[in-house]
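Participant: Below are the structure tokens for one structure; questions will follow.
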Amino acid sequence: MQVSPAIVKGIAVSSLGLYAGILTSSTVISITTPINVLTQHLKNVLCTLGCWSTVLGGLATGAFGLSYYLAAPGERPNYLLCGLGVAPLSAAYLYLVSLFNHKLAPKCTRDQNDLEKQKDEKLPQHHPEVKDGEAACPFSKMNNAKTLKPESERSVKCHSYMSLHMSIVTGITIFTFGKCILDGFKA
């Protein structure tokens, strides 16, 4: 069974587009939302979304790899190989950065400046007001009326560290997505 090059290109661009979109939206949410809202009100929702996004990205990358493998050897576009590795490599990189950040987090001291920055962070425009100990996210059944353990909270410094790495990976993913599309027009 052989797959035509057009189908391989279509699956490749769809897979990369899906992954780039998921990563971009996650990065924008992480950067624009104050850390106290992320950790106290949206943590479980974002973790669930992250798990399902990983599964969806894995399935799309698997379909891409399978279609590439099933294509005739002479009709496999080489420029798509870099796109095939983006999702697994960036997911592994972000996972390792996250593990390092969790190990580093207890060492990230929460000095008074960090606490003041966290309290002064503004919500995005038109966002309903969220106060500590008040209205948890309605979509997170597991988080309602629960308080987080003090050791699970992150300082502003540790949060910005993770946001920086997410931004870098998002930029690389979008660049690779654009490159695969533009190289597809040349081929």
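Keep in mind that glycine also has a Cβ here, set from the backbone N, Cα and C atoms.
Computed from a predicted structure; not experimentally measured.
Copying in the features that Swiss-Prot gives for the protein in this structure:
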TRANSMEM  11-31  transmembrane segment
TRANSMEM  45-65  transmembrane segment
TRANSMEM  80-100  transmembrane segment
REGION    114-135  region 'Disordered'
COMPBIAS  114-134  compositional bias 'Basic and acidic residues'
TRANSMEM  162-182  transmembrane segment
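I'd like these features described in context: how deep, what's nearby, how far apart.
Facilitator: With a threshold of 8 Å between CB atoms, the same-chain residues lying at least 6 positions outside the transmembrane segment (45-65) that come near it are 8, 11-12, 14-16, 18-19, 22, 26, 29, 38, 80, 83-84, 87-88, 91, 137, 139-140, 143.
Below 8 angstroms of C-beta separation, residues 12-13, 16-17, 19-20, 23-24, 26-27, 30-31, 79-80, 82-83, 86, 90, 93-94, 97-98, 101 of the same chain, each at least six residues beyond the ends of the transmembrane segment (162-182), sit close to that stretch.
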